[in-house]
Amino acid sequence: MGKLFGTDGVRGVANKELTCELAFDLGRAGAYVLTETKQKPKILIGKDTRISCDMLEAALCAGLTSVGADVYLAGVITTPAIAHLVKSHGFDAGIMISASHNPYEFNGIKFFNSQGFKLSDQIEEKIEDIILNKKWDEVPHAQFDAIGRINRVELKKDYQEYLKSTLNAASFKGFKIVIDCANGAASAIAPEVFEDLGAEVVVINNQPDGTNINKNCGSTHLQALQEEVVKNKADFGIAYDGDADRTLFVDEEGNTVDGDKIMLLLAQNLKQQGRLKRNTLVVTVMSNMGLFVAAKELGINLEVTKVGDRYVLEKLLEGGYSIGGEQSGHIILLDYATTGDGILTSLQLTKLIRESGKKLSELGKIMKVYPQVLVNAKVENGKKDLYSKDPVILEAIKKVEEKLNGKGRVLIRPSGTEPLIRVMIEGEDYEEIKKDADNLASLIESRLS
């Protein structure tokens, strides 16, 4: 991670940290680095529903066209749709304007290469180097007749058809499903796909107004979905985040089915079909201890990475594996997609539920969830790494670990996208670990404030 790029592109409070000036510079430097050899690169841009997206899109377009790139605006669309469409439609690069699951005041800019993959650290460092060290003399200004043009394109239907093509003509007729679109990019895509496949769909949080994306809804706030599933006597519910790169489920009783359970169910299904490459599932250090126990019982190997879907993807490509993901619902199905795709994952799990003939509550028993507590400590971005050098914090962590005595764990992790340090504790006694996590988070805040 550099000074501009975090674990998921460039992110910050819109118009304060992520300014129009920075978006313009990212457009210029990004187009140059990604398409140096192209005279007239074609770049696809998508956005979610935040109020700041139009402003940042305009600045990006100015930067891109000033170096001669032709821009194609896909409008409001999901992040994984951009990744897919860049490759399927032959664009030279793709850009998504979104801060994913973050509140509306944040926004982000992430790039995809011509194959639909997020950028490597080396490419991001090249872009950063130009911007931070003001190496603009390296970046050409297009001559009058070579300035790029801006075009609007309608590609949503192409993406929806692709999603349906991954299901081998499965039918969801007879299913009643509640879908929470998080007032984000899934609103115009997901409900239509499920309805096309025959499901009866009840949609909530699909009225984006620029400021309500992820607000008490979507995959980070499941309460409304849980209530609607029970009230509507639905078979299950599906939640996405603002840009639909992640998904979580709620069973017919209103219980959460998180990313750990979703990817274990999908991995087990692939294994039964002989399609689980190298018999391996890639997970992160945040996955619940129960997943490790269940995977062993199912005969599935686990590869463990740092938190962040970019690290999951690296491990998938490096090892030649087919599935990996995070507890938060970022799941990468490499046979179908180059990035986490919430709608794709939810379609695959719905197909699995249909073929199993079982209720989701029954399927969810695939693993026993160990009590796990996650508490956020608010710490400025520049101070997030100092916790590991603070003797008082380290001593407090050690004491909690000694108390757990091998029957749990403590994980302290600076967020890659927000000014937070996440304190995660797992153990057998929920009340005890909650108290310890709260105390550790308070200590970290007071020591690093």
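From the backbone N, Cα and C atoms, a Cβ is placed for every residue, glycine too.
The active site, phosphoserine intermediate annotation in Swiss-Prot covers Ser100 and rests on sequence analysis. DSSP assigns Ser100 (active site, phosphoserine intermediate) to coil, not to a helix or a strand. Long-range Cβ neighbours of Ser100 (active site, phosphoserine intermediate) (same chain, at least 6 residues apart, Cβ-Cβ under 8 Å): Asp8, Thr79, Gly108, Asp241, Gly242, Asp243, Asp245, Arg246, Thr417.
Cβ neighbour count for Asp245 (Mg(2+) binding site) (all protein chains, 10 Å cutoff from its Cβ): 34. For the recorded site, Asp245 (Mg(2+) binding site), the DSSP three-state label reads coil. Annotated Mg(2+) binding site per Swiss-Prot: Ser100, Asp241, Asp243, Asp245, in sequence order.
Taken from Swiss-Prot, the feature phosphoserine covers Ser100, and the record attributes it to sequence analysis.
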Once the chains shown are all counted, how many other Cβ atoms turn up within 10 Å of the Cβ of Asp243 (Mg(2+) binding site)?
36
